[in-house]
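> Once you've had a glance at the structure underneath, I'll fire off some questions.
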């Protein structure tokens, strides 16, 4: 059963400000397992791996609060539907008085091959309506991090909207499950290291992984 968010504010620590990891997706069983909901999946997998229960509800989001290696972390899955994600993320970040350099958004990305991840310090919305809403509620500010999860491009002339709301094929699901495990490592890296060489090396490894997979499939 979900409980209300406690008034406890992790921002009282003068040593560590909390990180907010925000996964984008659509609420309801209808959308579970679809490409557009991989942000939700990443938050759930990470929460389970670090022992944070997603049993809080506030700011139009299902949430969890806890610590990872003594670092405060807030996890959230907006329940507003994708295109209105900012209605949750904006008030949530404001409540905790979080600077945007302590916010990371996890989202699907059609510009990356299926199962390939990329950490990004900041950037635009790339025509992703969920990101667009988040940015609008951050007053147009784009200075927040992202974990982009590649879902590949729709085949042929397939409508991108239909592609996003479709579930993964079995081979794609296997790649995505491996990617989610790697995503846990990526989020732990974010907590341990500021943007810099370690993030760049992670992205290089992800690019090499894709090239290696492509070579095997082409052989």
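The chain as shown is numbered from 1 upward.
Every residue, even glycine, has its Cβ placed from backbone N, Cα and C.
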> Write down the one residue from 55, 129, 136 that Swiss-Prot lists together with 31, 81, 83 as binding tRNA.
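Swiss-Prot names 129 for this tRNA site.
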> Give me the long-range Cβ neighbours of residue 31 (tRNA binding site): same chain, 6+ apart, Cβ under 8 Å, in sequence order.
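In sequence order, 25, 37, 165 meet the Cβ cut-off.
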> Quick one: pull the CA-CA distance for residue 36 (active site, proton acceptor) versus residue 108 (site 'Stabilizes the basic form of H active site to accept a proton'), whole Å only.
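Cα of residue 36 (active site, proton acceptor) to Cα of residue 108 (site 'Stabilizes the basic form of H active site to accept a proton') measures 6 Å after rounding.
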> Helix, strand or coil for residue 81 (tRNA binding site)? Use DSSP.
coil
> If H, G and I count as helix, E and B as strand, and all else as coil, what does DSSP give for residue 129 (tRNA binding site)?
helix
